[in-house]
Amino acid sequence: MATIVDIGVGAAINILSAFAFFLVFALLRIQPVNDRVYFPKWYIKGLRGSPLSSGAIVGRIINLDFRSYLKFLNWMVAALQMPEPELIDHAGLDSAVYLRIYLLGLKIFVPIACLAFTIMVPVNWTNGTLERSSLNYSNIDKLSISNIPIGSRRFWTHLVMAYVFTFWTCYVLKKEYETVATMRLHFLASENRRPDQFTVIVRNVPPDPDESVSELVEHFFLVNHPEHYLTQQIVYDANKLSKLVEEKKKMQNWLDFYQLKYSRNQSKRATMKTGFLGLWGDEVDAINYYSSKIEILSKEISLEADKTVNHPKSIMPAAFVSFKSRWGAAVCAQTQQSRNPTIWLTEWAPEPRDVYWDNLAIPFVSLAIRRLIAGVAFFFLTFFFMIPIALVQSLANLESIEKTAPFLKPIIELDFIKSVIQGFLPGIALKIFLIFLPSILMLMSKFEGFISRSTLERRSANKYYIFLFVNVFLGSIITGTAFQQLNNFLHQSANDIPKTIGVSIPMKATFFITFIMVDGWAGIAAEILRLRPLIIYHLRNFFLVKTEKDREEAMDPGTLEFNVGEPRIQLYFLLGLVYAVVTPLLLPFIVVFFALAYVVYRHQIINVYNQEYESAAAFWPDVHGRIIVALVVSQLLLMGLLSTKEAAQSTPLLITLPILTIWFHLFCKDRYEPAFVRYPLQEAMMKDTLERAREPNLNLKGFLQNAYVHPVFKHDEDDVEIETDSEDGRHGPVLVPTKRHSRRNTPLPSKHSGPLSSSHSEVDGGVS
């Protein structure tokens, strides 16, 4: 059984690891040659110049200012100095609010930890229950609720503290929800003009034998939004074209590389083999080979672009529709467009950077089937993963290792090795198992067909959180209990098994403490070192970089990766809330994690990460909801635990806690969540009015014209062209071009149907 000494050894290893990462980072970040690795955001913004462009050759590579080495921790102070409003201007609201999750953890757990150590720890410690029992236990368990005798009046302390912790958590959550909602509304009101403020995406456009999708969409919105419709951009299935353009880009990079190599030494032309990875095959001239490849690809791209734009099967029944005002877009995005609720489905368009173009080619009717398949796959992934979790848990039990490998017993019995196995190894093994999981879950979310990167990340984060909850939390408790108390289960009556499980739940705090130290301490410190981007940048810089533009592309600033980071944070909220009453010793480890992570990620957001999109903190309802789930789970587990302790008088009073917590969640959902899912018409009208007063001659159609054109049509304009309407669009509704005879009963005139008689007053809604 792990002891405080084992935890101390694990803590020492992780503290030394974290300190080593910070020290190496402090040395690497001040070297001129690494400047683009540790400060890429400033280069992207054009606010930082390369130190390699001037000075002595040695000084361009190594920092010769020895005074800077004495200030290696200054980055922490610098990370905390930037005010939040400036941080929002610099990195966006998403990044600023993401940091507030860590602050929320500190606001919740610092007071809880102080109360727990002042009241709970003395109450738990001053008993000899475990010493008089036959259970396996450690000194850590003596600080937990396991050390309280069955039927003791001391359980009233745990009951009262459960109420105190719940009320404090709900109070902090409410204040934070209110603050973030206000920040979001202020951000939306004050931010610059963006295409998504005026644009909706319409999907499941019904087929029509007489009109193209473009004509049908234009006619529908001119009829139903005559005063506000401005323009539209049809969605194309350009996935094959994108692959060809990407392939051409790779070929061009290799051609540039060999041309540069030849320009440096013109006495010899480079050759290459055409087989796999250039290891075998015919030996050919590299420049001629890639030139011919690019020429072939250019022809294929031209043919595929023409097919994409003109072939009916490449035109999806969807479009980005832009309006003359934010008010008009808000009305369209938040209302039902047709009497048939399954067609002409509208929602706010993601901002152009946020669009995940590949999924726009997925037929809308197949989305339900795709999500069902993904749900079934996720179910089996989650529950089959319990097998490696059980193996990880067995590492924390010396007896199981000795039975499996008896020849290791002399080594395992050494005090230091024993402490490493129980205080460090389980956490690192579990972290290794979880490395590839986020990528798998993101693939599942993409398969489900969501059309924005922000939604993909939120859906993937939801899956990851469920996975961590089932496997890392519940799986570790259940599996650990089975391994740890197997002997007790085999030698006691069935009536006593629930009591053993109830006592064993707090005993898993040891494993979670080691996990927090590995993942939350050393893991966060490793994040700031950026070892992988550092190595990749220098490899690219040495072998592939030819121009300053190539050097910029070699940078890998990365992003916050909400789908990975937020579920991990939520796991710490869950552990903190569950063990606050059960084993308070875990709380300081949680507090250290939140404090360390806040400083590290603030530095990364300011200097490194370049967020790919801006959702104006649309993820906060998910954050709030998952903390509420953790709070309810902690209350239910405490009820189950106290029921095994024969605390008959205090246990029923806990029933009201989940009820009050759920009521609180519903209150917050009704009061604050609308700010994250709807755009108030009042705000839209105010912003439109101000904009018209400041810019009366604004050419809005020119601003929106190409905002939602597929990137493949923008990145290679020599090979790919797409026709767009360039009319000003500041006038009233135009004549509606249509080929349908049924348009003769449409109230707007048409170029093809001619003038309408006054007797025709029925509006068909654009579909007949």
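The backbone N, Cα and C atoms fix where each Cβ goes, and this holds for glycine too.
What TrEMBL lists as compositional bias 'Low complexity' is 747-760.
Marked as domain 'CSC1/OSCA1-like N-terminal transmembrane' by TrEMBL: 9-176.
Annotation comment: TrEMBL describes 197-359 as domain 'CSC1/OSCA1-like cytosolic'.
Per TrEMBL, the feature domain 'CSC1/OSCA1-like 7TM region' maps to 370-642.
For 719-768, the entry in TrEMBL reads region 'Disordered'.
Marked as transmembrane segment by TrEMBL: 6-28 (among others).
Sequence-distant neighbours of the transmembrane segment (101-125) (same chain, 6+ residues past either end, Cβ-Cβ under 8 Å): 142-145, 147-148, 154, 157-158, 161, 164-165, 168-169, 172-173, 176, 566, 569, 572-573, 576, 580-581, 584-585, 587-588, 590-591, 593-595, 597-598, 601, 623, 627. Positions annotated as transmembrane segment by TrEMBL: 101-125 (among others).
Note on the transmembrane segment (155-173): residues 104, 107-108, 111-112, 115-116, 119-120, 123, 145, 148, 577, 580-581, 624, 627-628, 631, 635, 638, 642, 645, 647, 650, 653-654, 657, 660-661, 664, 668 of its chain, located 6 or more positions outside it, place their CB under 8 angstroms from a CB of the stretch. Feature annotation from TrEMBL assigns transmembrane segment to 155-173 (among others).
Per TrEMBL, transmembrane segment is recorded for 372-396 (among others).
What TrEMBL lists as transmembrane segment is 416-443 (among others).
The transmembrane segment feature in TrEMBL is assigned to 464-483 (among others).
Among the features that TrEMBL reports, transmembrane segment is placed at 509-529 (among others).
The feature transmembrane segment is assigned by TrEMBL to 571-601 (among others).
Taken from TrEMBL, the feature transmembrane segment applies to 650-667 (among others). Same-chain neighbours of the transmembrane segment (650-667): 155-156, 158-159, 162-163, 166, 170, 173-174, 624-625, 628, 631-632, 635-636, 638-639, 642-643, counting only residues six or more beyond its ends whose CB sits under 8 Å from a CB of the stretch.
Tertiary proximity for the transmembrane segment (571-601) is limited to same-chain residues at least six positions away from its ends with a CB under 8 Å from its CB atoms, namely 18, 76, 79-80, 98-99, 102-103, 105-106, 108-110, 112-113, 116-117, 120-121, 124, 140-141, 143-145, 158, 161-162, 165, 169, 465, 468-469, 472-473, 505-506, 509, 512-513, 516-517, 520-521, 524-525, 527-528, 560, 565, 626-627, 630-631, 633-634, 637-638, 641.
In the predicted model, the domain 'CSC1/OSCA1-like 7TM region' (370-642) has a mean pLDDT of 80.
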